[in-house]
């Protein structure tokens, strides 16, 4: 005879009490009375005794096992939880505070305020459950308005959609978090609506740095931040994005505001889902990911959308494991995005930042009907030049530039100019590089790249003519000016070589001089100690030639040294350190 389960009322759920039957890591099995079984996704509460005092742990129902048993995932470590402990059913899903009260505050996945000051009262307008249905199809309103960022490579080749979903793809250490922080600075600071940031499985240090930077930018007071860091259990990392999205939906649907939603990192969301799936005993799918990967990603992404009148503009950082874009985690995310910005390690190795791959990045907005005929034509021409250069790189590496036709040589030089012009100083990196960030209007970007693509600057060398060599060690001037500080000695060498004259002291913090014309021969006299250390690379005495490609020949001492010194990066091989 089939067993039936009676549906319980809200009052029954609110007072339903179960008992812990088993605890295995983050998985907790709980037994409830048959007439008061909690629904899937319901939040359960358990009080545990720890050395620091009593603590309340939140669980989320994930499965019904039968025999009045449910399996739940803990959102906190289960230390101190024992069999037989009392478990309370809240009667609904995890809920978070919403409304203007959330601005300027930091929350965890369950909506607890983490930065509440002494004596400060937190009174939210309401609390919403984090599991919600996406907007109805009839209420959707596709957006075609461009979101200008002031970053040349993005605005020209992969324009962002206001009210769309934007993905920043890249492996470890190529600049995803820095770029998303740059977007917060550029967009949120000049944005009329509200911003919500979701830190999904990232480093606690990065979250702390972000709060400090947003405070300096004066945008913290109109931003709500929700964090589930990488030291949290997988259940927390799986739900923190939904908590932040729920806050953003309230601003969009109830207060009719334009909302910016930043998520860092979507891959950690997928990774947490894989961990939870394994804990629940599900059979893994491709590459060990959960079989419900596409469904979980769709549930999140379908709620990030534009409705009539207002929209959520989402910028999501997506880690690409081992730089493999065919991995199921990033591949599943691609289908939901309106624009993708791929950060490439080979470009960052050249010192070009942001390290955006102009050929792999895409945008549905890059069409004549959306951005205009001139913008589209310039972007396509730039891509064609860069693609031709990419096709010729193998020939150049094997046979050299001399084996190319004159037309191909012009294309290569033009592509190198474009490649370097795509680089741009950012506001977030200003404190590390000392170079002020720049905002380039769209009109100027199109005009500049049009001239580059048409060959109006072909008479200039492909690298900056004001190229200079800086020796690896500042001790080169130690004998000439022993009383100056180390920073002054280093800047003396840099200024002297750059200007082609005898070194003159430059105060620390002062702008380095720039020559009016191409560099002249420069004399640098390394100390004997420095010379002996670098004898294997050759003792440098005079810069005898600086080619247009950026290779610098240094003669003197034991032998000549030739090194490529790109105008955009520090070269730490041989005796050459930097060229600008």
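Heads up, residue numbers simply count up from 1 along the chain you see.
Using N, Cα and C of the backbone, Cβ positions are placed for all residues, glycine too.
Unlike curated entries, TrEMBL annotations are predicted automatically.
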Report summary line: Ranges in play 443-498, 499-554, with TrEMBL marking region 'Disordered' at 499-554
Query raised in the report: Taking the center of the Cβ atoms of 170, 171, 172, 173, 174, 175, 176, 177 at the recorded ATP site, which other residues in this chain have a Cβ no more than 8 Å from that point?
Result: 319, 343, 348
Query raised in the report: Can you tell which of the binding-site residues (172, 174) has the fewest other C-beta atoms within 10 angstroms of its C-beta?
Result: 172
Query raised in the report: Ranking the binding-site residues 170, 173 by other Cβ atoms within 10 Å, which is at the bottom?
Result: 173
Report task. Would you mind pulling the DSSP three-state label for residue 177 (ATP binding site)? Result -> helix
Query raised in the report: Hey, does DSSP put residue 171 (ATP binding site) in a helix, a strand, or just coil?
Result: coil
Query - In the chain carrying residue 176 (ATP binding site), residues 6 or more apart in sequence that have Cβ under 8 angstroms from it - result: 168, 169, 170, 264, 265, 317, 318, 319, 343
Report summary line: For residue 177 (ATP binding site), the same-chain residues 6+ apart in sequence with C-beta under 8 angstroms from its C-beta are 202, 206, 264, 317
